[in-house]
Amino acid sequence: MQNTFFAKNPSILIFIGLLALFTLFVTVGSEATGMGFISTSFVKTLGKTLCLCLIALAMDLVWGYIGILSLGHFAFFGLGGYMIGMWLMYERTRDIVMGSLMNAALPPTPTEIRDAIGGQIFGVVGSNQFPAVWAFAHSLPLQLILVVLVPGLLALVFGWLAFRSRVTGVYLSILTQAMTLALSLYLYQNESGLRGNNGLSGLQNLPHLDAVPQSLISIWFFWASALALALGYLLCAWVVSGKFGSVIRGIRDDEQRVRFMGYSVEGYKLFVFVLTAVIAGIAGALYYPQAGIINPGEMAPIASIYLAVWVAIGGRGRLYGAVLGAAFVSLVSTWFTGGQVPSIPLGFYTVDWVDWWLVLLGLSFVLVTLFAPQGIGGLVDLIAGKLAPNRHGAPLGPDQGSLREEEAEK
Amino acid sequence: MSQLLEVSGVSVSFDGFKAINNLSFSIGEAEMRAIIGPNGAGKTTFMDIVTGKTKPNAGTVLWGEMSRNLIGMNEAKIARIGVGRKFQRPTVFEDQSVFDNLMMAVKNTRAPWSVLFFKPKFKDIAKVEELASEIGLSDQLKRKSGELSHGQKQWLEIGMLLAQDPRLLLVDEPAAGMTLAEREHTTDILKRTAKTRAVVVVEHDMEFVRRLECKVTVLHEGSVLAEGSLDHVTANPQVIEVYLGR
């Protein structure tokens with residue numbers, strides 16, 4: 001079965017192979033493990049990009065395959081980031097606090113330690129008490145479980161309520177966006193217990209590993225992100241390959257028809273929604289330690305809209321399209337907004353790309369939607385010569401015995 | 001003979017308009033029935049009620065030996081206990097191959113988790129091939145169903161319906177847009193199906209109904225106007241007035 005799975009989906013092996021080559025290239029080029037022509041900050045950018053590719057895969061599954069235009073997946077991404085950030089911040093602060101308390105005359109009591117850590121972390125929001133949500137922050141395994149559990153449960157509850165009432169289309173998109181906005185606004189409050197608009201910071205410093213330089217940590221995270229992307233790709237490809245893939249594409253195209261075949265459409269939607277939320281959470285948990293900081297602004301609705309734009313530009317309904325779109329647009333975006341692109345002086349006005357990049361992005365989104373609905377992924381079809389002559393199976397010649405389009409040599 | 005489906009006293013109104021008015025109808029196992037009636041007689045609404053898409057305001061729809069009430073069940077559940085429906089407009093999944101379309105419909109567990117780990121067994125593939133030859137699409141299994149002609153799509157949908165192995169088939173205008181030869185083939189398929197299952201065909205075309213050679217129910221303004229053989233109902237003066245006389 002393994003053989004036929006890869007034989008039927010050759011794009012999977014090509015994708016994994018290219019990703020491995022890319023990982024090897026970055027490893028050889030990085031400062032810590034290679035020749036050093038790729039800077040540590042750029043390794044981090046690439047690692048973050050891989051995480052964005054992973055959430056784009058999730059978006060493609062939920063939008064391109066089952067047809068739910070979710071504008072809320074960055075909420076799950078952010079939640080994953082918060083869950084890992086809590087442990088990173090707690091443990092690192094504990095290291096620092098322990099270091100300073102060691103010099104005291106009397107050994108500190110556990111309560112003193114806890115209060116000192118609380119004071120350090122929550123001083124910025126005028127508190128020194130741990131809120132209830134930090135109950136498991138001392139334990140890495142528990143917080144790692146929460147990385148999966150919290151986005152998954154939120155998606156389960158939200159999805160159950162939304163799908164059960166048969167909310168579809170644009171109304172569902174608005175609901176998901178409202179969920180993201182509500183979550184973001186809630187986290188902005190200091191009472192939410194996650195440091196309000198300060199968010200969690202210093203996440204790039206791994207606890208107990210002060211001796212390890214950032215250049216090495218960055219390549220570790222890059223590897224982890226590449227591995228997660230490869231596994232995520234395999235998982236998504238497997239999910240969409242068999243009968244399950246048939247059913248969810250059927251739901252996208254005509255959910256009423258699928259219902260009359262006896263499939264519980266709501267169950268399938270819920271399954272895919274939760275699965276993609278979990279993937280998004282894992283992507284976020286890998287992204288934010290590389291970014292170093294997370295705050296509620298990351299979950300603003302605009303982030304989830306960007307996600308939809310990436311997938312649309314990359315080509316929805318095909319997994320590698322989503323990855324290509326996310327990588328291409330987010331890297332180009334980094335390039336344009338980083339101020340490295342020369343401005344264009346027009347005499348009367350100077351086009352400064354930091355300001356005009358969003359206009360360019362919006363314009364390309366509109367153009368892709370109108371003229372190339374297959375997105376960047378459509379280029380692959382062109383290269384592979386798979387572009388159908390669009391005759392709908394008509395004979396290629398006037399005679400009765402002439403070849404039909406699908407029989408002819410490509 | 002016990003009845004497979006018994007609809008009794010069903011009424012439904014949309015914004016005050018009574019689409020179905022105290023309708024009673026029943027069909028036994030292995031029976032073919034044609035439903036005719038002018039536009040707006042409630043034919044499609046009747047199917048919507050039986051398949052769970054529309055909830056009636058009053059009445060009962062009883063199913064099978066256990067006389068379970070179908071009202072209140074959702075569409076997927078009703079489909080799973082054995083009611084299959086074919087829509088007027090052919091609705092096949094055009095993006096997917098004929099094989100995938102049929103495989104999706106073949107009777108198997110429908111729960112997400114088991115579908116995720118589903119691997120087609122030999123008998124499933126054999127079933128798909130058998131259905132494909134029955135609907136004359138054996139050579140087209142690999143093609144995308146969107147490339148099929150209109151008549152072939154209609155057959156594919158009938159094939160998907162048979163693949164579900166339902167006990168009752170509700171078929172809405174199966175011959176719409178078909179050529180004469182295609183119609184004859186469709187009639188054959190339906191007649192053969194009716195030997196083992198209940199088939200309800202909604203149709204406008206009298207010639208097609210005549211070829212089915214079955215009992216006919218005439219609907220008018222949401223209730224049954226006449227029932228019997230085609231010759232019997234077409235001789236009924238009321239039927240002539242509301243439907244045929246125009």
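Heads up, residue numbers simply count up from 1 along the chain you see.
A Cβ is built for glycine as well, from the same backbone N, Cα and C atoms used for every other residue.
These come from TrEMBL:
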- A:12-38: transmembrane segment (TRANSMEM)
- A:74-90: transmembrane segment (TRANSMEM)
- A:142-163: transmembrane segment (TRANSMEM)
- A:170-188: transmembrane segment (TRANSMEM)
- A:217-240: transmembrane segment (TRANSMEM)
- A:267-287: transmembrane segment (TRANSMEM)
- A:293-312: transmembrane segment (TRANSMEM)
- A:319-336: transmembrane segment (TRANSMEM)
- A:356-384: transmembrane segment (TRANSMEM)
Residues from the same chain, set at least six apart from the ends of the transmembrane segment (A:12-38), whose C-beta lies under 8 A from its own: 6, 46, 213, 215-216, 218-219, 222-223, 226, 229-230, 233-234, 237, 319-320, 323
Contact ranking winner - A:74-90, A:170-188, A:217-240, A:356-384 against the transmembrane segment (A:142-163), Cβ under 8 Å: A:74-90
Tertiary contacts of the transmembrane segment (A:74-90) (same chain, 6+ residues out, Cβ under 8 Å): 55, 117, 121, 133-134, 137-140, 143-144, 146-147, 150-151, 154-155, 179-180, 183-184, 187, 194, 199-203, 205-207, 276-278, 280-285, 287-289, 294, 296, 298-299, 303-304, 307
Long-range environment of the transmembrane segment (A:319-336) - Cβ separation under 8 angstroms, sequence gap at least 6: 11, 15, 45, 49-50, 52-53, 55-57, 59-61, 64, 229, 233, 236-237, 240, 306-307, 309-313, 353-354, 357, 360-361, 374-378, 380
Outside the transmembrane segment (A:293-312), six or more residues from its ends: residues with CB under 8 Å to it: 52, 55-56, 59-60, 63-64, 69-75, 77-78, 81-82, 85, 176-177, 180-181, 183-185, 187-188, 196-203, 321-322, 325-326, 329-330, 361, 365, 368-369, 375
